[in-house]
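Q: Structure incoming, see below.
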Amino acid sequence: MAREQWTSNLGFILAAAGSAVGLGNIWRFSYVVGTEGGAAFVLIYLVTIFLIGYPLLTTEIALGRKTQKNPVGAFKALAPNSPWWLVGAMGVLAGFVILSFYSIVAGWSLAYVFKALGGFNAGDDFTGMFVGHITSVWPPIIWHAVFMALTIGIIASGVVNGIQRATKILMPVLFLLLIVLVVRGLTLEGAGAGVAFFLTPNLGDVTGETFLRAVGQSFFTLSLGMGALITYGSYLKREDNISDSAGWVVGLDTGVAIIAGFAIFPAVFALGFDPASGAGLAFMTLPAVFAAMPAGTIFGFMFFLLLSVAALTSAISLLEVVVAWVVDEKGWTRKQAALTIGGIIFLTGLPPTLGMSLWSNVTFLGMDILDTYDFFASDILLPLGGLLTAIFAAHVWKTKNAVEEINSPKGTIVFGNWYTILVGYIIPISVAVVMVWGLYTKLFS
Ligand code: PFF
């Protein structure tokens, strides 16, 4: 069977943006900005996005389009009889681990669709509502199962039909809802302290861990370092441009994160939440914002529904990486692969959710099981994958070939020597330094 292809360049941009924009922009971004001290983190994150994220995103798409393969196959095709395919395999592992906790958080979002219908009222205990939900045993597991079933269903039905259609209308609506939240948040009394937290960097608090978390967040939010964009690039037509499409994806993703920050932090300070409260920050703060606005029930309902959809378009790209690998390399059918792998991911998702309830005494380096999965995949596997992909593109595939692939057909953004220097030297060295320094501060201070 011929490999499926995106039907248009716009279709590709929307699917890749659908992968990028998700829980990472709203839930993970706000929670990590909060725990890592605010604006200084945001600054490092933005620099990483443009200097490291954009060139690497382009590189991954080019690797995919050139080889028309899944991540493992792509490395094998360009460097046969070498161990480079292990970078692709590491990506498949990262996709597996990320989806198993991503689906839990997406399940929280689904549960909140119904909590919103029950009404968010001023004066409610939203912290208690969130803690009550995640520390219960069955509801989070059931919502995790529902979310995985949806993801499996879309992947089983194929790339173009499944993925492309799902992204087109819903994302602009999510964007509009975020703007409504920004307006409400900024007009709350005491919002200024949140704006300052988000925008005025305090460089005194920056440690190696701040850098590592910022790099990890950039990779996570752009779906980078695990071959998701190699996979999506492999369904791209030769005549479609790469560099501009990648620019759109990075721009949209970053825009959504920054707007989400303006929707959340002013409200965090105005309503008396703790910015460093961790993984529940958005789930505790946003309902309180809805409670403080007219028609908050309807807005709250729509918001969590769309957040769940955004999570779904990201989750399908995570599952697709693993499924494309077994379909291409092991000859499984798409349906078999989606069902079997999705089922296993559901099971590996059980420890992180039980880590909030029955197993809440289990911790590693002070992190619960969900944070441990997240840290291992997002702050270690993704940067390592990105670093090795950069070295591979520059020194094995050679930047000359990468640039040729990226520039045909030429877009408004033209790749040249600057790219050779970035991807060949600056990116691998800076990511390596950040990883070593970050892990050192995490483990020994
Ligand atoms: N980028 C997604 C988000 O920000 O929610 C998460 C993600 C999707 C990470 C796909 C990695 C990936 F391959």
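Keep in mind that glycine also has a Cβ here, set from the backbone N, Cα and C atoms.
Among the features that TrEMBL reports, transmembrane segment is placed at 38-63, 84-105, 141-161, 173-199, 219-236, 248-273, 293-326, 338-360, 380-397, 418-440.
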Q: Any chance the transmembrane segment (248-273) and the transmembrane segment (338-360) are in contact, meaning at least three CB pairs closer than 8 A with a sequence separation of 6+?
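A: Answer no: the transmembrane segment (248-273) and the transmembrane segment (338-360) share fewer than 3 Cβ pairs below 8 Å.
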Q: Quickly jot the same-chain residues contacting the transmembrane segment (38-63) by Cβ under 8 Å, restricted to those at least six beyond its ends, or write none.
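A: Apart from its flanks, the transmembrane segment (38-63) reaches 16, 32, 74, 78, 196-203, 205-206, 210-211, 213-215, 217-219, 221-222, 224-225, 227-230, 232-233, 236, 242-243, 245-247, 249-250, 254, 261, 265, 275, 386, 389-390, 393, 397, 402, 405-406, 415, 419, 422-423, 426-427, 430-431.
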Q: Short question: which residues 6 or more past the ends of the transmembrane segment (338-360) have a Cβ under 8 Å from it?
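A: Here the qualifying positions are 96-97, 99-101, 103-104, 107, 134-137, 140-141, 144-145, 148-149, 151-152, 155-156, 319, 322-323, 326, 332, 368-370, 372-373.
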Q: Are there 3 or more C-beta pairs under 8 Å linking the transmembrane segment (380-397) with the transmembrane segment (173-199), counting only pairs at least 6 apart in sequence?
A: no
